[in-house]
Each structure stands twice: as structure tokens, then as C-alpha cells.
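As recorded in Swiss-Prot, the features of this protein are as follows:
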- CYS141-CYS309: disulfide bond (DISULFID)
- CYS215-CYS248: disulfide bond (DISULFID)
- CYS264-CYS277: disulfide bond (DISULFID)
- CYS327-CYS417: disulfide bond (DISULFID)
- CYS347-CYS408: disulfide bond (DISULFID)
- CYS441-CYS463: disulfide bond (DISULFID)
- CYS453-CYS475: disulfide bond (DISULFID)
- 491-494: repeat '3' (REPEAT)
- 499-502: repeat '5' (REPEAT)
- 503-506: repeat '6' (REPEAT)
- 507-510: repeat '7' (REPEAT)
- 511-514: repeat '8' (REPEAT)
- 523-527: repeat '11' (REPEAT)
- 528-531: repeat '12' (REPEAT)
- 1-41: signal peptide (SIGNAL)
Amino acid sequence: MPTESRSILARAEETRCRHLSRLLRAGLVFLLCDVLTSCLATPELQNTVIRSSKAHHLQLLFSSRSTPAVKFPLDATLSAPNSFGEQEARSVEAVKQNPWATTTAFADFMKRFNIPQVHGSGIFVDLGRDTEGYREVGGKCPVFGKAIQMHQPAEYSNNFLDDAPTSNDASKKPLPGGFNNPQVYTSGQKFSPIDDSLLQERLGTAGPKTAIGRCALYAYSTIAVNPSTNYTSTYKYPFVYDAVSRKCYVLSVSAQLLKGEKYCSVNGTPSGLTWACFEPVKEKSSARALVYGSAFVAEGNPDAWQSACPNDAVKDALFGKWEDGQCVPFDTKTSVQSDQATNKEECWKRVFANPLVASDAPTTYPEAAQKNWNDFWPVHEQSSPKSGGFGANWANFYLEKESGETICAIFDQVPDCFAPITGAVAYTALGSSTEVNLPQCDSASFIPIEGPCNNCVQVVTECVGNQFDQTSKACCTEPEIIPPVKPPVEPPVEPPVEPPVEPPVEPPVEPPVEPPVEPPVEPPVVEPPTEPSVPEPEPPVVLPPTPGEGGGGGTSGDETVEKEGSGGNTALIAGSVLGMLIILALVGTCVGFYYRKRPLPPTERPTVEASGGREVEGPSDVAVPPDHSWWGEGEHETESLLGSRAVDAEF
């Protein structure tokens, strides 16, 4: 290999090594940053598994013994203190722009609406836990306004807060009573219901600060003991708090839904069945009165539900997703169910009872439940679905500008922001119909966030009067658009293209034009010229003198002069006529001579029959003067036909 080529290859190899070294250093720095970021994670972020959610976003799956699996969005990752003790900004770009994830007050308010995370169980029917082979109510948030509608005959009380039936009522079909635990303390005090004032007195100042927290703790602390075996059960029963009577109920029946003619009756039909049908409902009468919850609401901190759960509706706001610098509200296009709603209350009830809401309702029940009522409560071993809190649990109530109708749009996506809309309301299947305002922002420190310019309209999120406000402004201008500078692209070198050699163009060969065939022209019959007759001059007529010519007088002399003049004119006229006749004779002679010399066309050559029985010798025979041709040929022909005697005799 030449020395110059080896030198070029060596330089190229050296350049490649330098590039690889730079890439290696960059990779080490990236890996180091990743390790440091992992080391900064809080203890709550340990033992996590990354999965893909329904909305195709990465989410962290938290697991523990005390709570079912819940999903935590990656874009709401908790911040950790850096080496300087300051709160670090989130690493996800979308989180940097979303104030509902970056600002502490707004982020804490937004987290409570992540129902799979904060509740983790069914809402319409909550049977998300299993204990000792029994299905157990396990949600971590109270459900406001939830009641159980009984379908007993008209003579029954139809109140699910009545005492549950005992063995004394087993003969009645359907069974009377409700779901309340009828146990009694040895002191004679009823186990349920119990006044909140008594709970507050017994628990003291160290107890929960909220009535719901105290009721939940009462149910959580209950231990069922079988008196015959002294077996202690760890099964936890649900509770209901009545805010009007301020009473706490502990239910002995965990079932919340029973339907179908195979299992239950409605108003006694069909007859003979043990159970009357029942189902969960939210009614306006119970909206502010009843709160249904599991005993696990009190696990850990009995008052945590107050700040951790979506207990109320949000006024003048809609749930949405943060996209491109703005909160895009959920509407009919992103909903799973969207219909007109006449009022807000209707939308609040609809989001709780829609068929896609989070529910742990069984689909089948044991057949033995119709024969022995003790086998029914509360085991449903035939089917035991667990929703984990996932479902269509959110609804937006708003006025649709296009149709002028109020719409209730229900959706199953976890929202991550609120879009401020005057007159709108954001509901959840867990919360009450009570409306609360969005948290306040700081107008002095909040930096407006501008969304993208779409169709010449840009959405700007601002803090006006300590409240979030989204306004639209025109964003299209007419500036000079400077295209991005691109490196010049050299056109590929193409070999010169030689022009194609065209073959010589030959003129088109025209077919020979045949002359038109003219019909034979018969020669005109030439008549022999006739000699013009020359008039002989007449002698002048000499008139005798009239009488008196011999006498004198001027008169006779004048008459003589006139006569002489008239004789001269006559001679001139006669000479002119004679000259014309001579000229005509010459012309006729020339014409006759011309036709004598012209050959006859072969097609017109006279035959023997046409020439009187002889062959014509030449064209001159026609032009021979009649005095020669007629007499000579006539004589010859006469001799050949009749003989000379006949001619002589004829003439």
C-alpha cells in the first residue's frame, strides 16, 4: 500500500477513536445522572413496577399489604430534596408546564381525584377485599350520598338501616328488615346505631376529629366473636354515617346489589323467594345525609379521607388533560357516555349509576342462598370481580354552546388538571353534590402559561383574582417567515446526456398522379372554304340632264359637285368590303391548311366500312379539296362497285 494511503487511513482511524471517546464520556455522564436520580427517590417509591396504563402513559404500580394495587401517574412523581435541601422540579417536560402537578397546593388538590390511587376499590358496589373466604368492603374513601334501595312489599319498611332479620324471621318470604347489625352489649346498649356524641366521649381528645373518622374507627375496631367457639374473626363490616341524626351504623350485611328473578323478588314478585331485590342508589334526599364506607377508611389515619379523597364537586371547573400548555376539558368527544341533563343533580346521580363505573358486583350467587339464608351473608363465591377503582368515575356538567343544551359527559380517564369554566361543575362517583371552589393561586407570582397557536387562537392560563382563568387570544400575525437554514444540498453529478441522433427525415413519397382520362374528342368536320363572292362593280348610271341644265344659273353647278362626291364614297365602301372578304378568305385557307397537316388520333382512324369500303391512306385524304378528292375517289369507287358503264349510263 502506498505511504500516502496508509497516512490517510491512520488519520481516519484516529478521528473515529476520538468520536467514540466522546460518546463514551457522554454515556457515562448520562448513566451517572440516572443513578443519582434513582438514589434521590423517597422510600415510598421503592419496590415499584412500571406498567402501561389504559391511556398509554407510563405509570408506577404501588403494592403493599394494607392496600390493593393502585396506579400512580408518572407525571405526578413526588419531588425529593436535592443536595442543597431545595425542592427539585419534575423531570417530565409536561409536568413543568402543568401547574396542577408542579405547584404544591394545586398538586395536592389534584391528587385526590385519582380515584384508583386514593380509593382502590369499587364504588357502585364495593367488595374489593377478601377475608377468611368472605368478600369484604375495602374502599379507602367514603361514598357520599350512597344508600341501598330495597324492593320489599309495600307492608315492609323498605329501609336498609333497619335491623337485619334474625332466625325468628326465617319463615317469612321475602325476609323483612334491613342490614343493620342487631347485636346488643351486655350492658343493654345497642351495638348499632350509636350516637356520635357517645363516640366522641369514649374516644376522647386523642380520637379522630371528624364524625366520619370516628364512625369508621368504630367499625374498624369491632371484633366479631363466635360465642359457641370463642373464635375471633378479623372480618371488618361496613359503616353508614347519618349526618342528619348524627348516628353511626355498623352493618352486618356487606352485600349491596341483588337482582334477577332467579335470586330475588320485586314487591313480592315472584312469590316464595327468600330475598327481596336491592341495589345502590344516590338520591337527593340522602345527598347530604348518608355516607357509606368501609372500615378501612380509618386504617392508618381516620381523618385522612378529609384531604385525600374527592369528597365534593368542583364549582366553575371541568376535568381535563394538560396538553401543550393548556388544560383541555373532557367533552362529548372523549366521554364514554354523554347525554343531555336537565339539572346538576341528575348528572351527579348519573355518574354514580352508569354501567361503566367502578364496581365489584358479583354476577352469580350460590344456589343454597334460597334455602338457607345463613349461607348467603356475605359470601359470593360464584364470582368475585375486583375493579381496583378503575372505571367511568368522573363527569363534567356544562352548557354546550353549539346546541344550547346542558350536557353531562362521563369519562373513564384520570384527569390531571381543571379547566376553569364559569357555570360548569365537575362531579365524581365518590363525592357529594356539594360544590367547592378551586384552590387559590398567587396573582403576583404566577407566570401566565401560553398554549400553542391553533387556527390563529391561543389559550392563555393566568391567575386573575387568585383564581385560575383560561382566556383565548388571537395569535396569527403577518411577520416575515424565515425558513430554517438547511445545509446546501449538492445535486448529484449526472453524466452528460448526449442528444439522441435523429434519423434523416425523408420527404414523403407521393404516389404518381395519373392524368385524367379525357374522353376521345372527335375532330370537327372541316367544311371546305368557300371563295367569297366579289360583287362586280356596277357602271354608274348616267342620268339625262334635266330640263334647264343648258341654262345658266348657279344651281346646276352645285348639283354637279354633289354627284361627284357621292361617287367617291361609294368606291371607298366597296373597297373596304372587298378587303375584308380577302382577309376572311386567307383565314379560312390557313385553317383548312392546319387541319390538313394535323394527324388523326389512332382511335379515330376510319375503318374500311367508314371510308366506303376502302382503307384510308392518310389524314390528308380528308383535307383534299372536294374537287380533287370527290371526283378522283368517286370515279374509282364507282368503277369498283358498279363498273364504268353504270357511271356512264348515269351521267
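Going from the start of the chain as shown, residues are counted 1 onward.
Backbone N, Cα and C define each Cβ position, glycine as well.
Distribution of Swiss-Prot features across the structure.
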residue : record         : contacts (Cβ under 8 Å, 6+ apart)
CYS141  : disulfide bond : ILE115, VAL118, HIS119, GLY293, VAL297, TRP305, ALA308, CYS309, PRO310, ASN311, LEU430
CYS215  : disulfide bond : ASP196, LEU199, PHE239, TYR241, CYS248
CYS347  : disulfide bond : ALA341, ALA395, PHE397, CYS408, VAL425, TYR427
CYS417  : disulfide bond : ASN98, TRP100, MET110, GLY320, LYS321, TRP322, CYS327
CYS453  : disulfide bond : CYS475, CYS476
CYS463  : disulfide bond : CYS441, ASP442, SER443, PHE446, PRO448, ASP469
Distal contacts, the repeat '5' (499-502) - CB-CB under 8 A, six or more residues away | none
Taking the Cβ of CYS327 (disulfide bond) as the centre, count every other Cβ atom within 10 Å, in any protein chain shown.
-> 26
Among the disulfide-bonded residues listed here (CYS248, CYS264, CYS309, CYS408, CYS475), identify the one with the smallest other-Cβ count within 10 Å.
-> CYS475
Around CYS441 (disulfide bond), how many other C-beta atoms are within 10 angstroms of its C-beta?
-> 21
Write out the long-range same-chain contacts of CYS277 (disulfide bond), meaning residues 6 or more apart in sequence whose Cβ is under 8 Å from its Cβ.
-> HIS151, LEU258, LYS259, GLY260, TYR263, CYS264, SER265, VAL266
DSSP puts the residues of the repeat '3' (491-494) at 0 helix, 0 strand, 4 coil
Would you mind splitting the repeat '5' (499-502) into helix, strand and coil residue counts from DSSP?
-> 0 helix, 0 strand, 4 coil
Taking DSSP three-state, what's CYS453 (disulfide bond) in: helix, strand or coil?
-> strand
